[in-house]
């Protein structure tokens with residue numbers, strides 16, 4: 001016997017349509033973005049974001065040093081571990097930073113609750129940033145937020161102790177972050193004049209961190225017009241879920257062949273560290289353009305990107321038209337994710353790290369090898385000669 005529904009696949013006859021149904025307004029809800037600066041370096045970065053102007057982003061600072069919190073311009077402040085540190089800081093001890101964050105864990109979660117994406121910004125190598133940032137990233141994941149850690153590694157002149165501590169913090173952050181953007185301060189020497197003062201050098205670092213966070217945030221928040229190809233939070237989430245190291249570049253250009261030159265500037269950005277894109281598992285490329293930009297110019301850029309990346313890489317692109325942009329003006333933001341740090345990133349850093357490997361040895365206590373490094377006892381050994 002033939003099924004009576006065989007010619008009615010979706011059984012539309014069974015659907016009852018109510019007359020005079022009220023029209024529901026479309027939601028204008030944007031993803032909630034939070035940036036939390038951890039430790040002294042993170043607090044400096046949040047202050048820089050406030051000075052530069054960051055709209056529709058929740059800015060938070062967290063520190064063990066009460067004096068630094070008092071002078072911060074951030075609207076939300078978390079004192080980490082007041083019982084443990086009495087507001088005097090972590091004394092360059094990551095264990096103190098970690099335990100301080102654990103003491104304030106519920107307050108951290110409550111502050112981050114409701115965020116769709118959380119950027120954890122910290123300078124690694126000290127006590128609070130190194131020890132507390134992984135705990136805060138874990139709290140962000142626990143409240144359901146996409147968690148992107150954006151951190152700096154110390155300048156070489158800051159000493160081997162800071163370098164060793166930074167590497168410990170980095171290993172912990174890899175475990176609890178959806179993606180991890182790492183900026184080696186020594187790389188910035190390529191982007192600044194030799195006469196730059198130390199204060200301005202750290203400002204350059206703050207600005208690079210700001211570009212990374214603000215650039216990604218604007219991709220999410222600037223939905224564009226009806227004529228745009230939309231790259232939204234869901235797209236960013238898809239790309240950032242590729243575990244591992246993430247890299248980002250922002251390039252601007254104006255005039256002849258602006259799109260090609262903007263792409264070159266983005267690829268050669270200090271944020272991308274000149275790492276080949278063929279190691280990425282995910283690529284998001286976003287164009288901010290004038291309404292008159294040529295479709296063929298965008299096509300040329302996308303063909304260029306496709307030729308650079310692995311055939312299996314996931315590529316998402318979007319456009320936002322900006323009427324303030326001139327006809328020949330283009331900004332390109334590239335987010336490349338899923339780099340296996342063991343191969344693509346560390347290989348490039350191998351030469352600069354070889355001397356440190358000989359001089360610095362971090363030993364875990366054998367009885368606690370399964371415990372994360374910042375929860376173990378460890379020693380940092382230096383040669384006496």
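Glycine too: its Cβ is placed from the backbone N, Cα and C atoms.
The record from TrEMBL ties 40, 41, 42, 43, 44, 127, 128, 129, 158, 162 to GTP, and of the options 186, 193, 206 it ties 206 to that site too. In the three-state DSSP scheme, residue 158 (GTP binding site) falls into the helix class.
It is 206 that, of the binding-site residues 158, 206, has its Cβ surrounded by the most other Cβ atoms within 10 Å.
DSSP assignment over the domain 'Tubulin/FtsZ 2-layer sandwich' (229-348) gives 43 helix, 37 strand, 40 coil. The Cβ of residue 44 (GTP binding site) has 37, 123, 202, 206 as same-chain neighbours under 8 Å, each 6 or more residues away in sequence.
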